[in-house]
């Protein structure tokens, strides 16, 4: 039988900007240290950014699962929770406080819940929660966003597509994250010579930005089924012409990867017509943003999809791709599985702890096999559960995987 391990919890209050705000939910940055009675092999610093809406709920559940899987693999985590997004706006007036950015950059990995909400929709652009996300991605220099879209056999009936179309879908979308139209200059709103308001943005990519995301995509495809589809709009956009030129040039370095190209409008159609044709997709920032959300509905729910944002060095940022869902916040209705699977990606891609990651992935499948479903993936014959209970079931499944 597996040995029983005791867990000792020690709460550390770290002095900081928020330590005097005792009446707020972010009373102070804190670390929860879980020390096993048996020797610990490795220790990691993890920054938690609960954010807004359902973010705190799903982060709480995912943290417990991450903690359990790590503990069973001899890992120790120091968790530091920091304000971010709308919560930070309410607390200190900016979506990304300097202390939050510093904590993130000094950690081994960051796990984010969700940001945004109706409350801040009318704020000036620089005071919206979403700007915090764009800025932290830049601060961390995470340029590669990996978004898996897999239709699990247990959830094939939840897909919006016919069963025969959705069954067996397993793709990875590699999205460039820090360039393109979201960051390009010039941008703005001005008045033209006719006195009419004009809004404009710039889609711009340098060769090195394309090369580095293409290499990530080729390496990803090489570890999967060896097929890479580059999505662009090279029949219209100059930035896409350069994109296709650079990706094609790099293909000679990866003779074992089959490269194809597709225009983004066709790719959007093919994703719902025949999604199984795709293995790995690489595309720019705005196209990736749109296509990955489209792919999420193939899987049955946006609440199932994790993501990893990685750079050449430094900590990665891991988050579910769903939003903050303020309409169900605080009601225990959120699906925590995307955040739990983001924690698995944190272990795998951020820390290189593949065994612990596999424990979490297997536990999610196990909980689904037992019929547990949150409302977004529920179908008759299964057991409807809330966010907390789904997390508890995954925890039980992780615990059952302890080696004997």
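Note that Cβ sites are derived from N, Cα and C of the backbone, with glycine treated the same way.
Going by Swiss-Prot, these are the annotated features:
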- 115-130, 235, 266, 319-335: NAD(+) binding site (BINDING)
- 137, 147, 175, 265: substrate binding site (BINDING)
- 265, 289, 293: Mg(2+) binding site (BINDING)
- 134: site 'Confers substrate specificity' (SITE)
- 182: site 'Important for catalysis' (SITE)
- 229: site 'Essential for redox regulation' (SITE)
- 233: site 'Important for catalysis' (SITE)
- 387: site 'Essential for redox regulation' (SITE)
- 1-34: transit peptide (TRANSIT)
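Projection of Swiss-Prot feature records onto the structure.
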residue: 120; record: NAD(+) binding site; Cβ neighbours (10 Å): 18
residue: 125; record: NAD(+) binding site; Cβ neighbours (10 Å): 7
residue: 134; record: site 'Confers substrate specificity'; Cβ neighbours (10 Å): 16
residue: 137; record: substrate binding site; Cβ neighbours (10 Å): 19
residue: 182; record: site 'Important for catalysis'; Cβ neighbours (10 Å): 17
residue: 233; record: site 'Important for catalysis'; Cβ neighbours (10 Å): 19
residue: 265; record: substrate binding site; Cβ neighbours (10 Å): 13
residue: 289; record: Mg(2+) binding site; Cβ neighbours (10 Å): 19
residue: 326; record: NAD(+) binding site; Cβ neighbours (10 Å): 16
residue: 387; record: site 'Essential for redox regulation'; Cβ neighbours (10 Å): 24
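A Cβ within 8 Å of the Cβ centre of 265, 289, 293, the residues given for Mg(2+), is found for these other residues of the same chain: 264, 268, 286, 287, 288, 290, 291, 292, 294. If you compare Cα positions, residue 130 (NAD(+) binding site) sits closest to 289 out of the recorded positions 233, 289, 293. Across the fold, the C-alpha of residue 321 (NAD(+) binding site) and the C-alpha of residue 387 (site 'Essential for redox regulation') stand 17 Å from each other. A separation of roughly 27 Å, to the nearest angstrom, links the Cα atoms of residue 331 (NAD(+) binding site) and residue 147 (substrate binding site). With a 10 A radius on its CB, residue 229 (site 'Essential for redox regulation') counts 22 other CB atoms from all the protein chains. Spread of the substrate binding residues is 27 Å (greatest Cα-Cα distance among 137, 147, 175, 265). Checking the recorded positions (120, 125, 134, 182, 326, 387) against residue 265 (substrate binding site) with a 10 Å Cα-Cα cut-off leaves nothing. Under 8 Å, Cβ to Cβ, and six or more positions away along its own chain, residue 293 (Mg(2+) binding site) finds 302, 321. The Cβ of residue 115 (NAD(+) binding site) has 30 neighbouring Cβ atoms from other residues within 10 Å, across all protein chains displayed.
In this structure, 331 is the one among the binding-site residues 130, 147, 175, 321, 331 with the smallest number of other Cβ atoms inside 10 Å of its Cβ. DSSP classifies residue 115 (NAD(+) binding site) as coil under the three-state reduction. Ranking the binding-site residues 137, 147, 175, 289 by the distance of their Cα atoms from the Cα of residue 387 (site 'Essential for redox regulation') places 147 first. When secondary structure is read from DSSP and collapsed to three states, residue 229 (site 'Essential for redox regulation') falls in the strand class.
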